[in-house]
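Chemist: Below is the structure I would like to discuss, written out as structure tokens.
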Amino acid sequence: MKLRRGALRAALALVLLPLLTPASAVEPISLGLAIAGAAASALTGFISYPRLYCYFRECCLHRHDRRAAAALQENLDKKLFGQHLVNKVVVKAVRGFLNNTNAKKPLALSLHGWTGTGKNFVSKIVAESIYKRGLQSKYVHQFVATLHFPHAHSINLYKDQLQSWIRGNVSICPRSLFIFDEMDKMHAGLIDSIKPFLDYYELLDGVSYRQAIFIFLSNAGAEKITEVALDFWRNGRTREDIQLTDIQNALSVSVFNNKNSGFWHSTLIDRNLIDYFIPFLPLEYKHVKMCVRVEIESRGYTVDEEIVSRIADEMTYFPREERIYSDKGCKTVDAKLDYYYD
């Protein structure tokens, strides 16, 4: 059966309508339902409404889960250096969760390590693998402790606001992604307010949180990670010999007992609601050089190994005697390149 041109034009006009009218004029969900019915009717079932609508507007669960996992693996392989544990654990955890059609709880990952080792970078890649707009997606929500929760005397207010925000957004999109940065600066007890959303509940007030993803970023535990890495180095073993079992338990205990951490005596840890504590190892000289090369290439320049070495040499390293690890990881590489490429 052939579609009439008039019906096709009418359906496309309905789909394009939200792009041509002010966003505040009509509530998005109600408008979407109206367009769905009209488009389906006009096209006599030949064009799928969700697929057509999502071509023009970002939709929840926009990417197929297998494509998301493949994109995550590819980007981590190409852009993340010196973090074999992160690459392995994050890919397996996220891939398994996305492919699990009957998850019992949301996925909760806690990323730990010194500044510049890649925690924010990895959370950005996870967001981009699931949604094309990445951190800019309306289904990805990022919280920074010092920005969004600055005052200790307002902690009860923050708890209510945080619960409302998570509840409202998961109601709209089950596959919502929540990123909590600077967990080491968050007020103790605040993060426990989201404990019900991470627990093994099928429904809470009619809402399921089992498809949501929570990622926590923290410097807490970095000392313990460095301690393990140094022990391996001093015993003549490579960093690639380090396994998650060598560090995960000690890391979780260290974070739980850290009074300067938002996870201090947290029920999320006590109730085993964090699925993985993922250590970001301190970066070595060779990893800094890798970061410099990638940044030079991203600016469209030919890699000059002399400049690469100069920038890596300008970094400061620790411990003072051995000078093995960059104390800022790759964090200042971008700024240092500005000196050579203005």
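For all residues, glycine too, the Cβ spot is worked out from N, Cα and C.
TrEMBL annotations: computationally assigned, not manually curated.
Keep in mind it's a predicted model, so treat the numbers as computed, not measured.
What TrEMBL shows for this protein is this:
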SIGNAL    1-25  signal peptide
TRANSMEM  35-56  transmembrane segment
BINDING   Gly113, Trp114, Thr115, Gly116, Thr117, Gly118, Lys119, Asn120  ATP binding site
DOMAIN    283-340  domain 'Torsin-1A C-terminal'
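How buried are the listed features, and what sits near them?
Modeler: For Trp114 (ATP binding site), the same-chain residues lying six or more positions away in sequence with a CB closer than 8 A to its CB are Asn219, Ala222, Ile225, Thr226, Phe280, Pro282, Asp327, Lys328, Gly329.
Across the domain 'Torsin-1A C-terminal' (283-340), the DSSP tally of helix, strand and coil residues reads 32 helix, 5 strand, 21 coil.
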Chemist: Tell me which residues of the chain lie with their Cβ under 8 angstroms from that of Thr115 (ATP binding site), as long as they are six or more apart in sequence?
Modeler: Asn219, Lys328, Gly329, Lys331
Chemist: Can you name every residue in this chain, apart from Gly113, Trp114, Thr115, Gly116, Thr117, Gly118, Lys119, Asn120, with its Cβ inside 8 Å of the center of the Cβ atoms of the recorded ATP site?
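Modeler: Going along the sequence, the neighbours appear as Phe121, Asn219, Phe280, Gly329, Lys331.
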Chemist: Within 10 angstroms of the C-beta of Thr117 (ATP binding site), what count of other C-beta atoms is obtained when all protein chains are considered?
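Modeler: Other Cβ atoms within 10 Å of Thr117 (ATP binding site): 31.
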Chemist: Across the whole of the domain 'Torsin-1A C-terminal' (283-340), what does the mean pLDDT come to? Round it, please.
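Modeler: In the predicted model, the domain 'Torsin-1A C-terminal' (283-340) has a mean pLDDT of 94.
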